[in-house]
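Trainee: Okay, handing you the structure first.
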Ligand SMILES: [Zn+2]
């Protein structure tokens, strides 16, 4: 379950930032995750629940996730198009030579702390 690794990395960043800011608790964290990260929401929630409880500073912290759907540009004709995880093919010319514009995000968008 790679969600545990993702959550643990995020929490490391979050708690370090919170401690540096002198916060006593992290109330909410907002993430942006691309579909190509293949994160399973249920597993992410589970990992979040387990790992946030390990540290009093993140205990009870809420998680918000914004999913980002993949989008690519065709290198042959320049068309930009949305696609899913498995089918990356230009709808205009049928080309398979594409450049991914988004869909691989794993960003910490914001966090809310209490001091
Ligand atoms: Zn094309």
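Just so you know, glycine gets a Cβ as well, placed from its N, Cα and C.
Take a look at what TrEMBL says about it:
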type	residues	note
BINDING	2	Ni(2+) binding site
BINDING	74, 77, 90, 93	Zn(2+) binding site
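If you look at the structure here, what lies around each of the features I listed?
Mentor: In the three-state DSSP reading, residue 2 (Ni(2+) binding site) counts as coil. Shown in sequence order, 39 are the residues of the chain, 6+ apart in sequence, with a C-beta less than 8 angstroms from the C-beta of residue 2 (Ni(2+) binding site).
Cβ neighbour count for residue 93 (Zn(2+) binding site) (all protein chains, 10 Å cutoff from its Cβ): 13.
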Trainee: Fewest other CB within 10 angstroms, which one of the binding-site residues 74, 77, 90?
Mentor: 77
Trainee: For the recorded Zn(2+) site formed by 74, 77, 90, 93, which further same-chain residues have Cβ atoms within 8 Å of the site's Cβ center?
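Mentor: Apart from 74, 77, 90, 93, the close residues are 75, 76, 78, 79, 91, 92, 94, 95, 98.
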Trainee: Reduced to three states, what secondary structure does DSSP give residue 74 (Zn(2+) binding site)?
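Mentor: DSSP call for residue 74 (Zn(2+) binding site): strand.
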